[in-house]
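TrEMBL annotations:
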- B:95-300: domain 'ABC transmembrane type-1' (DOMAIN)
- B:12-30: transmembrane segment (TRANSMEM)
- B:101-122: transmembrane segment (TRANSMEM)
- B:134-157: transmembrane segment (TRANSMEM)
- B:177-197: transmembrane segment (TRANSMEM)
- B:235-257: transmembrane segment (TRANSMEM)
- B:285-307: transmembrane segment (TRANSMEM)
Amino acid sequence: MTNNPIMAAAVSILALSLGLGVAPAMAAKMDATIGMQLEPPNLDPTGGAAAAIDEVVYANVFEGLTRFGADGSILPALAESWEISDDGLTYTFNLREGVKFHDGSDFNADDVKFSLDRARADDSTNAQKALFADIASVDVVDPATVKVTLSKPNGSFLFNTAWGDAVIVAPETAADNAAKPVGTGPFSFGEWVKGDRVDLVRNPDYWGEAVRLDKVTFKFISDPTAAFAAMMAGDLDAFPVFPAPENLVQFEADPRFSVIIGSTEGETILAMNNKKAPLDNIKVRQAITHAIDRQAIIDGAMFGYGTPIGTHFAPHNPAYVDLTAQSAYDPEQAKALLAEAGVSDLTLTLKLPPPSYARRGGEIIAAQLREVGIATEITNVEWAQWLEDVFKAKNFDLTIVSHTEPMDIGIYGREDYYFQYGDADFKAIMADLANATDPAKRTELMQAAQKKIADDYVNGYLFQLARTGVADAKLKGLWPNSPTQANDMTGVYWEE
Amino acid sequence: MTAYLLRRFLSLSLSLVAASLVIFLVMEVVPGDPASFMMGINADPAAVVALRTQLGLDDPLPLRYLSWVAGLLQGDFGVSYTYRVPVSELISERVAISLPLTLYALALSTLIAFPAGILAAAKRNSAADVSVMGATQLGVAIPNFWFAMILVLVFAINLRWFSAGGFPGWEAGFWPAIKALTLPAIALALPQASILARVMRSSLIDTLDEDFMRTARAKGLSRGQALRRHALRNALIPVLTIIGLQFSFLLAGGIIIENVFYLPGLGRLVFQAITQRDLIVVRSVVILLVFAVIVVTFLVDLAYAAADPRLRRRRA
């Protein structure tokens, strides 16, 4: 780099004029600075859908009755244990005692009742209101016991209470959580410098195992190049969802860093408008799926990171069925199917939102579709525009998007959801699933649901988004996977 | 002078009213609903509707415009949709970074450009002139974001003298804050300095050819004395215009640099607000920038008058 004479000159001039020294060595570190690409719009997980909210506060500041473990399992949290009635309608939660909110007030059954009732209220702005739809009533038995009665059995109820949208808040502070979150977690809210960072500090009165960091700073760096520079310069200790997979090789080669590859709940799909001709013809949709070479997209757009999928389900889920063969790359079959459908000279719109999986993946898919005789008109749109035009107005043929909520196959039962499937048989499977509590039966139904949408070629299933993280090699305890969108810092520490 | 000031004030107010209307209407036709952006693609439709009502997005258009303008007049910029805090608070936090950065860059640019431009003009066609002109040619041609990345690469990643970006806040002390602004200011200043130096040089050369300069020399002043006493002052007018333009450009246009150095400045606030459809923030910042540009233009006009007595007399 300094072989370049102009650079060398510039460097020496600047060096002389600034004359600044090297930063002093650090003492034993008790804090961690974590990079995130997006800043949360607010810090209330019960009042918005932005993943960035949970990425800051989930398990750190706020806790629910249950919680997700690093492997996606459901663990007790504020509820120490629970009993489920034989008919599956009543859940009695035994709450932990001696738990305090960060403002010093006691946590008890009234807070649980308040939180659940608030989330399911008519005027609730909880983005995942549907999680609470089956609750008929919430009753306080005594300060340490809450009884939740459901209107019908719901096998996912304990899963639902683990979501960030279901955390327990206090009536006195709930309204201010957007700017000043008050929870029961091991970290309390410190400071939020808008556009820059959020600081969390250790909660000395935490009920559970004490955390090993005094302070965690989440720093928001949207530009991938800047994110790379910040890691390299040592300004950040970790970037759990690093935005530029192309730089990972460089981090891997550097002993200062460790690269952590895991899986996410993000199914990346080529969504198709199922009600718009000629995509309302299953043969055309099937042809499109056979025209796609998933591995080429993973290699070309994601630098090899990602797991091919054949249906809308996370491969790490025990109920996952590998259906990739059903829509294997076969351009000849794709051409034959198009001929069978009587479609020729097809031109489809392909609307691409900002993430690189969509922009880069879209270019590759366009080339692959061209091979089988389908032309595409690519339009790059920003998120707000995508939401308006594609998601709301359904004004599209094809689009690429990652669905990152855990276990979200239920969206296929929504009649007016943007890809417009809403098949009656599928809805029946979902209804049975909601009523089933027996694990074997649930697995069977989840697999039937996966097969149904694969058989109907609702969308092109591309790959499960990988979680590509970079961290200081001495920082341990970060989540490798994202069973939910979170940066759980409770087990993070510096290795001596 | 009073009549002049009054006239200027009136036209300033009219510009602001027109600008507010245009800004408001443009924001309304931009597709994208703030509420659905906030709630995401898995959200319950009922929750989105509830949020729209809560944000007042369902009120009729004229009512929303009038309540916005009425608020502005009282210094109330409204409440951000996404952050849910007063917009004025957001803006003042950001101005506390963008304004010092702009002034820092402007100072650096002037400090580099003046001597360079004067030297080049005084020693016209010499080796010094040629090297200054060559360097400024390069400075104009290099995009400042690229230059910014090079600065980060050299001084943050390789030498580790600076952070790669970010801002510790003024409460961290004057020097740490200034240190954090130094690389961005240099990245912003160099292209500006190049332009300014070239303008300074050509303006000075034009002045040096004027009759009054010959007279000054005939009175026995040396070349340097004549340049300092008579030419500089006259050559300043075009330079002031450029500085005025650069101020507005830097204040609003630092956005790319703010992204490279992830500085939470005004530019980044607008950028983020646009992508998040936080329309109330976008509107307020843009109207504020329009206001800043108008005020700066006015100040530059006053500076002309100070630099050139003839302009002062004509207007009085």
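Keep in mind that glycine also has a Cβ here, set from the backbone N, Cα and C atoms.
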Legend entry - Interface present between the transmembrane segment (B:177-197) and the transmembrane segment (B:101-122) (three or more C-beta pairs under 8 A): yes
Legend entry - Outside the transmembrane segment (B:12-30), six or more residues from its ends: residues with CB under 8 Å to it: 61, 65, 68-69, 72, 277, 279, 282-283, 286-287, 290-291, 294-295, 298
Legend entry - Stretch in B:134-157, B:177-197, B:285-307 most in contact with the transmembrane segment (B:235-257), if contact is a CB pair under 8 A: B:285-307
Legend entry - Distal contacts, the transmembrane segment (B:134-157) - CB-CB under 8 A, six or more residues away: 116, 163-165, 183-184, 186-188, 190-191, 193-195, 197-198, 256-257, 260-261
Inset, instruction - Would you mind listing the long-range same-chain contacts of the transmembrane segment (B:177-197), meaning Cβ under 8 Å and 6+ residues beyond its ends? - result: 97, 100-102, 104-106, 108-110, 112-114, 116-117, 120, 132, 135-140, 142, 144-145, 147-148, 151-152, 155-156, 162-163, 165-170, 239, 242-243, 246, 250, 254, 257-258, 260-261, 263
